[in-house]
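The following features are taken from TrEMBL:
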- 35-374: domain 'Amidohydrolase-related' (DOMAIN)
- 116, 184, 205: Zn(2+) binding site (BINDING)
- 127, 208, 209, 216, 245, 301, 302, 303: substrate binding site (BINDING)
- 267: active site, proton donor/acceptor (ACT_SITE)
């Protein structure tokens with residue numbers, strides 16, 4: 001029971017091996033008292049290491065490959081490359097170059113794209129360029145198809161539910177198995193509840209780019225304790241736990257109100273892993289100062305440069321939650337959100353052998369995908 005058995009990329013129930021096949025392990029690894037945890041899943045990452053997923057470049061594929069390779073050292077074994085609000089030409093160029101694929105030594109697996117915008121609120125656009133924002137009024141779902149070009153690789157769409165005709169768009173996307181997230185929005189609680197009744201299941205970076213909580217109309221934040229959620233459904237919410245985007249007290253309030261829905265996201269951008277200075281986020285120039293990232297010349301926060309393992313450690317420290325709870329917020333919950341918890345986000349038998357070894361301080365020591373070691377901290381701590 002103390003051992004984790006892996007065969008052919010899956011976590012194995014060893015009983016059958018012992019009793020039916022009378023087999024034993026071909027390779028044994030001493031984990032040296034490490035914590036073994038499921039690999040992290042980042043459902044909102046705009047880029048990193050100088051790569052911006054919202055820029056249509058000729059070498060887009062090598063950029064996505066670089067990010068998927070580099071995030072292995074931060075415990076991320078699969079992710080959703082995220083595009084911020086962009087002109088239709090960018091979606092038409094970039095989306096065909098994103099292919100859903102398994103992870104391995106080449107890098108973390110790609111679960112599909114997260115399209116954050118352009119169907120969002122002007123008042124709460126955050127770091128999104130206003131001239132690219134769009135509405136559904138003319139053709140609803142047809143407008144969305146024309147903007148994105150293709151939905152083949154799309155896994156999550158963030159939109160503002162108060163927009164006219166958003167209900168029909170939410171229903172159409174949900175039918176296609178695409179997860180709808182509410183964000184960059186001035187929706188009141190009843191608009192948010194209606195969106196959930198039509199199929200929305202996620203909230204994009206809770207508290208950021210939405211109306212602040214008000215006791216008479218708590219807005220989207222009110223979904224955490226709403227009694228209008230359809231039976232058997234759970235609303236998940238993303239949180240950027242970097243100590244900048246949300247005060248630790250706000251993180252604690254959300255976690256205590258709805259612990260099973262919390263999904264840690266990095267919302268990382270091109271500047272993650274790079275020195276402070278000027279970088280891009282889609283159509284905007286951003287400045288990095290420590291862990292703060294602003295649209296150049298303003299104090300508008302724009303994405304983060306936090307890595308997933310940093311977010312897990314900060315979340316655990318800020319909330320005082322158990323190690324298991326902190327790890328589940330970066331693994332089990334995002335897997336449940338995407339409906340892939342039967343194969344990712346746990347160490348259950350028959351699930352994919354994507355796992356991490358961490359020390360007691362929750363620093364990643366090694367990353368495994370499909371049972372193969374894809375990254376290890378060397379003796380010099382490099």
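The backbone N, Cα and C atoms fix where each Cβ goes, and this holds for glycine too.
No curator has checked TrEMBL annotations; they are predicted automatically.
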By CA distance, which of the recorded positions (116, 205, 267) lies nearest to residue 302 (substrate binding site)?
267
Non-local Cβ contacts of residue 216 (substrate binding site) (under 8 Å, 6 or more apart, same chain)?
none
Out of 116, 184, 267, give those recorded positions positioned within 10 angstroms of residue 303 (substrate binding site), comparing C-alpha atoms, in sequence order.
267
Of the binding-site residues 116, 127, 184, 205, 208, which one has its Cα closest to the Cα of residue 267 (active site, proton donor/acceptor)?
205
Over the residue list 127, 208, 209, 216, 245, 301, 302, 303, recorded for substrate, what is the maximum interresidue Cα distance in Å?
30
Cβ-Cβ neighbours of residue 245 (substrate binding site) (radius 10 Å):
24
Starting from the Cβ of residue 209 (substrate binding site), draw a 10 Å sphere and report how many other Cβ atoms land inside it.
25
Quick one, of the binding-site residues 184, 205, which Cβ has the fewest other Cβ within 10 Å?
205
Quick check: with 116, 184, 205 left out, which same-chain residues have Cβ atoms within 8 Å of the centroid of the Zn(2+) site Cβ atoms?
44, 117, 120, 126, 128, 158, 181, 183, 204, 208, 209, 267
For the binding-site residues listed here (208, 302), tell me which residue's CB has the most neighbouring CB atoms inside 10 Å.
302
